[in-house]
Amino acid sequence: MPLSLYNTLSRRLEPFEPLEPGKIRMYYCGVTVYDYCHVGHARACVVWDVVRRYLVWRGYEVRYVQNFTDIDDKILKRSRQEKSTMEAVAERYIQAYFEDMARLNVKEADEYPRATHTLDGIKRLIHELETRGFAYPSAGDVYYSVKKFADYGKLSGQKVDERQTGASGRVSEPEDAQKQDPADFALWKSAKPGEPAWESPWGNGRPGWHIECSAMVRDRLGETIDIHAGGNDLIFPHHENEIAQSEAVTGKPLARYWLHNGMVNVNGEKMSKSLGNFTTIRQMLDAPNAPDPMAVRMFILQANYRKPIDFTDEGIAAAQNGWAVLQDGLRFGGEYGDRLGWAGNVAPQADAIAHFRAAMDDDFNTSSALAVLFGLAKQLERARNLLIHEGTAGDPTAVLESQWLTLVDLAGVLGLEAQPESQERADSLSEAAIAALIAERTEAKKTKNFAEADRIRNELQAQGIQLIDKPGGLTLWHRV
Ligand SMILES: Nc1ncnc2c1ncn2[C@@H]1O[C@H](COP(=O)(O)OP(=O)(O)OP(=O)(O)O)[C@@H](O)[C@H]1O
Ligand SMILES: [Zn+2]
């Protein structure tokens, strides 16, 4: 069975075939660096990280490039507010990006081009567009003439006259007067006094946003790439404009597969820096009762990557519970492997691998892939309970070893890794505290105060302690 992907360009599922057998060139439109990354960015970065990890696991050699937009009106505005420079603002948030994504276990890209490092490529591309009649200079700016590109709208399905000028929020009003057509967009903008500027044949200025990605893709990956990824908020106009710029020059498709992640919404609206309705990754992970970063990955991967998800505390809490189950499964080998005499020479679980692969081959169905992981973790959980309560694991030890190894391997494809338990136990309930609460509960039951007994059971449950009532009034417990 081939891997099939939903291609925004064709609006259908397509079997995936890279241009060059065994090799994949992939580009993801990264962040504009004027603030900390929010949960929406976490989603986009985790989704494409998983896609990349899966493609590598499936045997492809993947070259993954992600840009930083470090020239932009919004960065400039922030630097003015801070009486700083565009460069300093960008540098700070690029650094923060790396810190936040490392916490979420997002693998680093092979390359991180920046607009400020791509000026030669950008100017070359604008020059070629001009030579071919797709671009025109106007009072120090250069614009792309949308009407000249017959295929304009093929990705988004939007026709030129439906286009709303300024839909990206990046085209300012005064520019309109300089355009031949309101649908045209800026490739180069002249600098106003005091603004950062680069020399060019059209005068001192800075590149527009869309042209940087066309230039970076061409410089780093070539004229046609396999996968171009980004959030679906970028389909129009950003990706439409990238196609118009690149394909007008090369005459070749810019990307064979256009993949788009759905948005993280807040009350039905896109979480976004410019709307100000965002929770940063660090606010979320540093809050009291913060979720485990792996639970945040689970929150993201439980949804279909193309659908919107609402960011709610309940959603994160549910993911935290799910993660607790997987985490226990992932820790099983460290806790019991020696005791069970594991020798490290078992074959993985072929069935589980086949199911996982079928799920991921179906347009990266990560929620079905997680179900395979839960299946394995549940079996290990059963074995753990038997070990705790009966002193024997039930299944043959080689089966458990194989389940555990498979679980660790497949979880790794989703970027889910468990820390050793010792790091966490420090701040969880001590055994003495648990024993004291169980004694209180036993007392409450004796006096028929069942409400109090239930309250204690729930309190322990909330702290990850499961009680098991045995005949004769004995209560056992284990951590879930
Ligand atoms: N809420 C979101 N959910 C999922 N992906 C998002 C979300 N917001 C942005 N992205 C994706 O993250 C990447 C970087 O986006 P960008 O830096 O433009 O963030 P932004 O919050 O939309 O900023 P701005 O509001 O300034 O446009 C893009 O691929 C974009 O599609
Ligand atoms: Zn882009």
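Every residue, even glycine, has its Cβ placed from backbone N, Cα and C.
Any TrEMBL annotation is an automated prediction that lacks curation.
Record features, source TrEMBL:
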BINDING   CYS29, CYS213, HIS238, GLU242  Zn(2+) binding site
BINDING   LYS273  ATP binding site
COMPBIAS  172-181  compositional bias 'Basic and acidic residues'
DOMAIN    355-425  domain 'Cysteinyl-tRNA synthetase class Ia DALR'
REGION    160-181  region 'Disordered'
MOTIF     31-41  motif ''HIGH' region'
MOTIF     270-274  motif ''KMSKS' region'
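One way to see the shell of the Zn(2+) site is to take the Cβ centroid of CYS29, CYS213, HIS238, GLU242; the remaining same-chain residues with a Cβ within 8 Å of it are TRP209, HIS210, GLU212, SER214, HIS228, GLY230, LEU234, HIS239, ASN241. Across the motif ''KMSKS' region' (270-274), DSSP assigns 0 helix, 1 strand, 4 coil. Neighbour counts of Cβ atoms within 10 Å were taken for the binding-site residues HIS238, LYS273; the minimum is at LYS273. Residues 32, 34-35, 38-40, 74, 169, 233, 263-264, 311 of the same chain, all 6+ positions outside the motif ''KMSKS' region' (270-274), place their C-beta atoms under 8 angstroms from a C-beta of that stretch.
Beyond the ends of the motif ''HIGH' region' (31-41), by six or more residues, the same chain brings 68-70, 72, 74-75, 77-78, 89-90, 93-94, 96-97, 100-101, 209, 231, 263-264, 270-273, 278-282, 284, 296, 311 to within a C-beta distance below 8 angstroms of the stretch. Cβ crowding, taken as the number of other Cβ atoms within 10 Å, peaks at CYS213 among the binding-site residues CYS29, CYS213. Under the DSSP three-state reduction, CYS29 (Zn(2+) binding site) is assigned to coil, being neither helix nor strand.
Taken residue by residue, the domain 'Cysteinyl-tRNA synthetase class Ia DALR' (355-425) breaks down under DSSP into 52 helix, 1 strand, 18 coil.
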